[in-house]
Amino acid sequence: MSGNTTFLTNPDDPSDPVKKFTFDHSYWSHDGFKELPNGYCTQDTALPNGAKFCDQERVYRDLGRGVLRNAWDGYNSALFAYGQTGSGKSWSVIGYGSNKGIVPKFCEEMFRGIEDKRRSGDTTEFEVNTGLRFMT
């Protein structure tokens with residue numbers, strides 16, 4: 001990986017050309033992390049890939065917050081996760097334990113925002129509809 005570009009090499013055939021893919025965001029989560037006492041996985045800069053390890057909070061900041069901002073602005077919002085089996089879609093979207101994914105973080109921030117508005121005397125009525133689909 002380099003920035004938003006991911007390079008794939010075939011370890012079984014060094015003569016196979018390197019495949020290059022460029023995305024809006026490209027994340028590293030294979031290694032380079034340490035597990036905190038609460039189970040949260042975070043960067044371990046003492047490890048070779050530690051500086052590029054991407055935790056759940058960064059994924060949410062990069063992707064989930066924009067979706068929530070659009071919802072606050074009155075737009076229908078959607079997030080689509082697509083990829084190969086085992087590539088981390090469910091981990092990024094749902095998460096596990098203290099490593100909450102985009103959906104639980106989104107819901108927490110959205111409902112906290114609604115509650116904050118109510119506490120401040122805002123009388124806006126909120127209607128929340130959600131859907132989650134897993135396709136195989």
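Heads up, the Cβ atoms here are built off N, Cα and C, so glycines get one too.
Any TrEMBL annotation is an automated prediction that lacks curation.
As given in TrEMBL:
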type    : residues                               : note
BINDING : G83, Q84, T85, G86, S87, G88, K89, S90 : ATP binding site
DOMAIN  : 1-136                                  : domain 'Kinesin motor'
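TrEMBL feature annotations superimposed on the structure.
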{"residue": "G83", "record": "ATP binding site", "Cβ within 10 Å": "9"}
{"residue": "Q84", "record": "ATP binding site", "Cβ within 10 Å": "7"}
{"residue": "T85", "record": "ATP binding site", "Cβ within 10 Å": "6"}
{"residue": "G86", "record": "ATP binding site", "Cβ within 10 Å": "8"}
{"residue": "S87", "record": "ATP binding site", "Cβ within 10 Å": "11"}
{"residue": "G88", "record": "ATP binding site", "Cβ within 10 Å": "15"}
{"residue": "K89", "record": "ATP binding site", "Cβ within 10 Å": "16"}
{"residue": "S90", "record": "ATP binding site", "Cβ within 10 Å": "13"}
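DSSP gives T85 (ATP binding site) a coil state; it is part of no helix or strand.
In the domain 'Kinesin motor' (1-136), the DSSP tally of helix, strand and coil residues is 43 helix, 21 strand, 72 coil.
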